[in-house]
There are 2 protein chains.
Amino acid sequence: MLRVGVNGYGTIGKRVADALAAQPDMEVAGVAKTTPNFEAAAAHRRGYAVHAALDERRPAFDEAGIPVAGDLDDLVRASDVVVDCTPAGVGAQNRERYETHDTPALYQGGEDADAVDASFNARANYDEIAASDAEHVRVVSCNTTGLSRVLAPLEEAYGVEKTRATLVRRGGDPGQSDRGPINDILPDPVTVPSHHGPDVNTVLPDLAVDTMGVTVPATLMHLHAVNVTLETEADADAVSETLASESRVFVVPERARVAGPAHLKEYAKDAGRPRGDLWENCVWGASIAVEGRDLYFFQAIHQESDVVPENVDAIRALAGDADAAESVVKTNRALGVGSFETTRSETVTTDGRGAAASADD
Amino acid sequence: MLRVGVNGYGTIGKRVADALAAQPDMEVAGVAKTTPNFEAAAAHRRGYAVHAALDERRPAFDEAGIPVAGDLDDLVRASDVVVDCTPAGVGAQNRERYETHDTPALYQGGEDADAVDASFNARANYDEIAASDAEHVRVVSCNTTGLSRVLAPLEEAYGVEKTRATLVRRGGDPGQSDRGPINDILPDPVTVPSHHGPDVNTVLPDLAVDTMGVTVPATLMHLHAVNVTLETEADADAVSETLASESRVFVVPERARVAGPAHLKEYAKDAGRPRGDLWENCVWGASIAVEGRDLYFFQAIHQESDVVPENVDAIRALAGDADAAESVVKTNRALGVGSFETTRSETVTTDGRGAAASADD
């Protein structure tokens, strides 16, 4: 059993902890949190050993009635691997501490690519990372993960001459009541191309990808308007099959009458998915179109959860002995990834068998 | 003086009426309205002869205390040209009535291209329409106008191999409190390409343009993420100059620190523009980038007003003797188009001289 510590228990950390708990070959060594808020209390109720990430805040945990299992060093010592889920920029500051304990660590996409040994996406470069001696690895961001999952198979099947994508980004997550914009449509960044294209190149180095970022008043998911100029001709049905054969791409059928992210989220909640999460890229089947060698489609990306199975796989790439195919199957099966339409109304529990039992193998 | 009737006095009609009133060679023959609401009352206060578009509603105007100058036939008889600003689809139904009176008419972009003799954009095909015997002409929609204004000069200066644009559309106008979405990002239409590319071809028939439409919870302006593969290489500065030399394109300088449509609208209101209107395409200078032959930029399009100067020009193309250059200069001067940064705090009045006096010649 791989013992995995989770440092940071916010939007990503709490999902990663539950996903780890659901794996047959992993256990949660504990979680670390700076503030004893409602999420820390939930972590304790779920049975995770809660660690106070900042020593000076430890009395606040006592006051809040949340038992503290130790400090951050205790957590790192108890872990074979740490998944750093702290806010962007904090992860890089934590690297030295993990190195002191000689503990490999994962970081999230908010960290700079050059703050780590390598960047990771299961579909793009799992085996390469597993074969390398990288010990400090960044799981690329939600948008980059979403692009990599479709570009890797398109490159393999048809060759990609150039990708141009407009990323219409949610202004903040549902819980981030301090974010905006309200009633605006922001070029973000106003400079073109945005950083997302170069970020894809940290896991798929040879692809030509230009991206433009826009931010809008919505919280549920990002929407990508994607154009891929293929190297060879392909019809829309063939592309649809190529994408549908990917376990982490859900080609939304027209019959589902899914208009946008709000419907997708309803769908996920009705399916009983934990927190209504959508781990897969959601590509509208009706949008897949080819004009000459130009492929177009829309996909929605759930910013809170699409990197969660990637973090699980990255742990195995760093510290396990599974290859990419084995790890992805194991992760998907334990969580129910790719079994969108059949997942029963059960949530992932800390003993990890809830979602696994309901997954469509 | 060209006597122009305006049938329909909503978002577009009220702006067109004021723009006509501001022209030295035009007068408002009257406006027609179906409902005696606050807009009808404002039309009366502005001194326009209000006509009841539906005979059966005439008593309602009497009850509302809005004097009725006549019915729709009276308005058409009093007009050399009618500008139909009725809701999408209604204009085509009105065509027969205008023909009965042998009165040429303009229609808005919501009508089908095949319901009219020709489609119009001043930058794309004014002289062609003026030389033709077209009498029922459609001014293309706000988004199509916005694309045509930049693609025509880019085609002339560099050649356009292919254009791919994502149109991030406002969900509704500020006054349309019955529209959505709330908190969603909708592929709209979900099929690709959207109708906007073919619509550009009604005024620029030889351009290859693929468009994708997205609708978001905002009301102020549309935002276009534009990619143009040029036929010849050009650097970003040259493109910026090409676009800035267009009188209906405002290249927003970085020093203005304009983050998005909300800032643009504040800017227009501070400049004293009528209703805070932005008749020009607003292209972010900082966004203009070239990668090889791929040009990228963001532009904001004010859906309520960018077609207003186009309607004025289209009247001259149909019934006047000005050529394109003369008409555009005349329209711009009367309204203050292109004088974004110097317009004084005066609004267009029905005597038409307010904005003209403050325009930067």
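From the backbone N, Cα and C atoms, a Cβ is placed for every residue, glycine too.
Those TrEMBL annotations? Automatic predictions, nothing curated.
The domain 'Glyceraldehyde 3-phosphate dehydrogenase NAD(P) binding' feature in TrEMBL is assigned to A:2-142. The NAD(+) binding site feature in TrEMBL is assigned to A:Thr11, A:Ile12, A:Gly110, A:Arg170, A:Gln303. The D-glyceraldehyde 3-phosphate binding site annotation in TrEMBL covers A:Ser141, A:Cys142, A:Asn143, A:His196, A:Gly197. Positions annotated as active site, nucleophile by TrEMBL: A:Cys142.
Here the features listed in TrEMBL are painted onto the structure.
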{"residue": "A:Thr11", "record": "NAD(+) binding site", "contacts (Cβ under 8 Å, 6+ apart)": "A:Asp173, A:Gly175, A:Glu304"}
{"residue": "A:Ile12", "record": "NAD(+) binding site", "contacts (Cβ under 8 Å, 6+ apart)": "A:Cys85, A:Gln108, A:Glu304, A:Val307, A:Val308, A:Asn311"}
{"residue": "A:Gly110", "record": "NAD(+) binding site", "contacts (Cβ under 8 Å, 6+ apart)": "A:Pro87, A:Ala88, A:Gly89, A:Gly91, A:Ser141"}
{"residue": "A:Cys142", "record": "D-glyceraldehyde 3-phosphate binding site", "contacts (Cβ under 8 Å, 6+ apart)": "A:Gly109, A:His222, A:Ile301, A:His302, A:Gln303, A:Glu304, A:Asp306, A:Val307"}
{"residue": "A:Asn143", "record": "D-glyceraldehyde 3-phosphate binding site", "contacts (Cβ under 8 Å, 6+ apart)": "A:Leu167, A:Arg169, A:His196, A:Asp199, A:His222, A:His224, A:Ile301, A:Gln303"}
{"residue": "A:Arg170", "record": "NAD(+) binding site", "contacts (Cβ under 8 Å, 6+ apart)": "A:Thr215, A:Val216, A:Ala218, A:Thr219, A:Leu220, A:Met221, A:His222, A:Gln303"}
{"residue": "A:Gly197", "record": "D-glyceraldehyde 3-phosphate binding site", "contacts (Cβ under 8 Å, 6+ apart)": "A:Thr163, A:Ala165, A:Val209, A:Asp210, A:Thr211"}
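Secondary structure of the domain 'Glyceraldehyde 3-phosphate dehydrogenase NAD(P) binding' (A:2-142) per DSSP, as helix, strand and coil residue counts: 59 helix, 33 strand, 49 coil.
Along the domain 'Glyceraldehyde 3-phosphate dehydrogenase NAD(P) binding' (A:2-142), the predicted structure has mean pLDDT 97. With a threshold of 8 Å between Cβ atoms, none of the binding-site residues A:Thr11, A:Ile12, A:Cys142, A:Asn143, A:Gly197, A:Gln303 neighbour chain B. When secondary structure is read from DSSP and collapsed to three states, A:Gly197 (D-glyceraldehyde 3-phosphate binding site) falls in the helix class. Under the DSSP three-state reduction, A:Asn143 (D-glyceraldehyde 3-phosphate binding site) is assigned to helix. The record assigns A:Thr11, A:Ile12, A:Gly110, A:Arg170, A:Gln303 to the NAD(+) binding site, and the maximum Cα to Cα distance across that set is 16 Å.
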